[in-house]
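Per TrEMBL, domain 'CBS' is recorded for A:140-202, A:204-260. Taken from TrEMBL, the feature transmembrane segment covers A:286-306, A:318-341, A:361-381, A:387-414, A:426-445.
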Number of protein chains: 2
Amino acid sequence: MSFEITKQYIEDIQHLIADNNNKGLHTLLEEVHYADVAEIIEELDTEEALYLIKLLDSDITSDVIAELDEDIREKVLKGLSSKEIAEELNELDTDDAADIISELSEEQKKEVISHIEDEEHAKEIVELLRYDEDTAGGLMAKELVKVNENWNVLTCVKEMRAQAEEVTRVHSIYVVDDRDILKGRLSLKDLLTTSTRSPIKEVFIKKVDSVNVNEKAEDVARIMQKYDLEAIPVIDELGRLVGRITIDDIVDVIKEEAEKDYQMAAGISQDVEADDSIWELTKARLPWLVLGLFGGLGSVFIMEGYEEFMANPEFKRLFFFTPLIAAMAGNVGVQSSAIVVQGLANDIIKGSLFSRLVKEVSLSLISGIVLGILIMIFGLITNMDPLFSFTVAISMLSVIIVASLIGTFVPIILDKRGIDPAIATGPFITTSNDIFGIFLFFYIAKIMLNY
Amino acid sequence: MSFEITKQYIEDIQHLIADNNNKGLHTLLEEVHYADVAEIIEELDTEEALYLIKLLDSDITSDVIAELDEDIREKVLKGLSSKEIAEELNELDTDDAADIISELSEEQKKEVISHIEDEEHAKEIVELLRYDEDTAGGLMAKELVKVNENWNVLTCVKEMRAQAEEVTRVHSIYVVDDRDILKGRLSLKDLLTTSTRSPIKEVFIKKVDSVNVNEKAEDVARIMQKYDLEAIPVIDELGRLVGRITIDDIVDVIKEEAEKDYQMAAGISQDVEADDSIWELTKARLPWLVLGLFGGLGSVFIMEGYEEFMANPEFKRLFFFTPLIAAMAGNVGVQSSAIVVQGLANDIIKGSLFSRLVKEVSLSLISGIVLGILIMIFGLITNMDPLFSFTVAISMLSVIIVASLIGTFVPIILDKRGIDPAIATGPFITTSNDIFGIFLFFYIAKIMLNY
């Protein structure tokens with residue numbers, strides 16, 4: 001299956017909008033999934049987008065709005081009245097509604113909430129707004145199916161039918177006591193296979209995984225992944241059932257986490273996308289470039305200290321090798337740090353620090369010797385002085401070892417101090433390794449060449 | 001919730017194993033989730049691991065084996081007879097069983113399969129072995145609940161109860177016709193709320209998303225994510241229902257995909273982990289370092305062509321700036337390529353190539369001018385000749401523009417030709433940008449300094 005949004009298709013829609021051909025639009029979009037409608041809207045200008053959103057049913061458009069890219073959603077919401085926004089939110093699950101409301105100004109928040117018809121729904125959304133978005137509370141929805149342990153299966157099925165109307169997907173039925181304390185769960189499968197007269201107390205499963213409302217989002221993701229859970233109930237400090245997190249929200253967390261590490265490694269400090277504004281992109285990229293610039297200027301100073309090599313017809317070639325040394329130090333450092341950062345993220349960095357040290361040194365020795373031999377061969381072919389090429393090879397070997405140790409241990413140390421180790425990848429490692437590498441290169445060369 | 005595996009806990013287990021204290025082990029591990037048992041086993045040596053696996057029930061150990069890291073699983077399976085492996089596989093879902101079998105040698109595969117007691121199960125596993133692991137067929141399991149459109153709800157519930165025994169989680173009930181062609185679906189919720197005499201034909205939902213058995217895994221992931229699906233049925237070329245993919249398998253695909261792009265960007269060409277052998281790690285890392293080495297040697301050649309600058313007391317400082325230029329070219333290139341690669345992966349690279357060109361040039365102009373001004377200030381402070389520092393600033397600006405264009409368009413071109421654009425990130429971009437950058441730097445300097 002695959003629904004292709006072609007240029008032609010977008011143009012057809014634009015023409016229908018220009019002609020105010022509502023019937024044609026309804027026919028064309030009738031069977032289209034809201035995720036596809038959202039993609040279509042992202043291709044239109046704001047006027048056209050608003051036309052479509054006001055035209056289509058709010059049970060579709062509410063999901064469309066929830067699905068939109070944040071920048072585009074902002075524009076669309078600006079074109080809707082507080083009452084119109086409230087109507088959309090009325091159709092949404094509490095977690096999506098809370099996410100959208102949290103993007104509004106304080107004043108508009110109040111206005112929109114006051115317009116939400118379903119009072120219970122509004123109360124739940126307000127409750128969700130209290131939680132930090134990076135916690136279990138920020139991820140959870142209030143929609144869930146719960147039954148009292150004192151009911152029997154028949155009451156339970158009746159109550160559930162009513163509750164299930166509100167819940168898009170029923171994964172588990174949670175069992176609570178009279179004070180709303182989470183006691184266990186029932187599966188739909190079990191309900192289908194149990195006699196209706198059985199008391200719930202006797203049939204429910206007493207073991208149920210749950211997370212606290214303040215648990216960090218990434219930890220929730222790790223738990224749900226590890227235990228292959230599709231939904232997890234959220235409890236408050238008293239053990240009361242307050243919400244439920246489903247796997248589709250966790251998929252987003254996992255993806256964002258992995259993408260964030262990748263962006264950090266590439267020297268992009270905020271979550272940006274190719275379509276963000278030039279200003280957003282510059283804000284995310286320029287600081288790392290400035291860091292790189294300072295690193296480069298540091299290298300200028302170091303090399304000025306070894307200026308005397310320039311007077312020697314053979315040794316002045318050392319300066320030709322500085323980009324090579326910097327590249328090696330950078331590449332090795334990034335490789336080592338990426339492996340450690342991924343290992344830390346997946347919680348698989350085990351064993352003693354000493355054994356890791358031995359491993360990194362062995363690794364870089366192997367690579368360094370292979371690369372050193374290649375340098376020697378290059379020296380032979382280009383008629384370099386053998387002592388000179390040997391010097392370059394040995395200094396490069398040392399640079400590689402030091403660079404890999406920095407790449408390995410800086411993230412580990414940051415992680416131990418509670419700092420996100422991903423910050424130590426990319427430009428940070430590259431820049432510090434450039435400086436260390438060039439210093440070490442000239443330092444060793446000076447000793448070996450005895451100049 | 002969180003189950004912490006402490007050093008003490010592992011030692012306790014090791015002591016119990018050394019003492020052959022089976023009762024103690026059973027008590028200690030009784031309530032422990034298989035994912036945690038797998039983590040415990042990864043901390044033990046192979047002998048101890050085998051002791052535990054042979055001791056515990058196969059309905060636990062089968063899941064434990066499926067959960068183990070591949071390297072460790074290989075060792076564990078070597079310690080089990082084909083019959084013992086077959087017993088474990090008998091307990092597993094077909095997709096997990098097929099994954100494990102595919103790791104065995106051709107000969108052992110046959111032996112293990114011949115020992116699987118449940119013939120139907122064995123047949124299904126053999127069928128799954130046919131599919132490439134990166135396709136929908138390679139991801140799907142044969143376990144699903146399906147009903148015939150010609151049944152009524154009562155027959156359906158009866159049949160389902162029997163089928164549901166085999167299926168860990170029931171997401172949807174698939175509706176097929178007499179030839180097994182997928183026609184639609186029923187939700188458990190609907191079944192709970194429909195009269196038992198209704199014919200299935202009248203109650204099932206005719207719209208059902210599905211993927212073809214040959215669909216690429218990443219496309220399946222994209223579809224399930226976009227449409228927020230928790231399970232998707234898989235059909236063959238004739239439209240017959242052949243399997244089902246659940247979201248937990250997709251979570252792994254999404255994670256691996258994101259991690260692969262990150263590793264590529266860091267110059268690691270295979271899927272390696274911190275705990276892999278030195279040989280594995282070297283194989284994944286060394287090729288990129290060799291590429292970097294050749295790039296560096298290329299720069300040596302370029303600089304030799306501009307050797308005459310060394311004779312000038314002011315201009316020889318150009319050589320001090322080469323690591324800075326290389327770092328800038330590399331950093332900018334990696335930033336641009338990372339944004340494009342993520343954009344391509346998420347399918348959000350839209351608009352014309354020309355508008356992207358304008359954007360990248362504007363972006364690099366802004367960054368380049370800011371960085372150029374910083375260079376000029378540095379020049380003032382360190383008493384550099386103003387023409388010289390202006391030359392460095394302008395050449396750097398040009399290098400940044402060219403580097404960002406290479407970083408942006410190489411991945412786009414690769415993607416258009418059907419090559420994974422992630423390969424163009426990291427060392428590849430860094431190395432080519434180093435060479436281009438240094439060449440451009442000296443070329444422009446030569447013109448501007450008129451030397």
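Cβ coordinates come from backbone N, Cα and C, glycine included.
TrEMBL does not curate its annotations; it predicts them automatically.
Tertiary neighbourhood of the transmembrane segment (A:286-306): same-chain residues 267-269, 318-319, 322, 326, 426-428, 430-432, 434-435, 438-439, 442, 445-446, selected by CB-CB distance under 8 Å and a gap of 6+ residues from either end. If one looks beyond the transmembrane segment (A:318-341) by at least 6 residues along the same chain, the residues whose Cβ comes under 8 Å of a Cβ in the stretch are 261, 265, 299, 303, 306, 309-310, 349, 360, 364, 367, 371, 392, 395-396, 399-400, 402-408, 410-412, 421-422, 424-426, 429-430, 432-434, 436-438, 441-442, 445. Secondary structure of the domain 'CBS' (A:140-202), assigned with DSSP and counted as helix (H, G, I), strand (E, B) and coil, comes to 20 helix, 19 strand, 24 coil.
The average pLDDT computed over the domain 'CBS' (A:140-202) stands at 81. Residue counts of the domain 'CBS' (A:204-260) by helix, strand and coil are 24 helix, 16 strand, 17 coil (DSSP-based).
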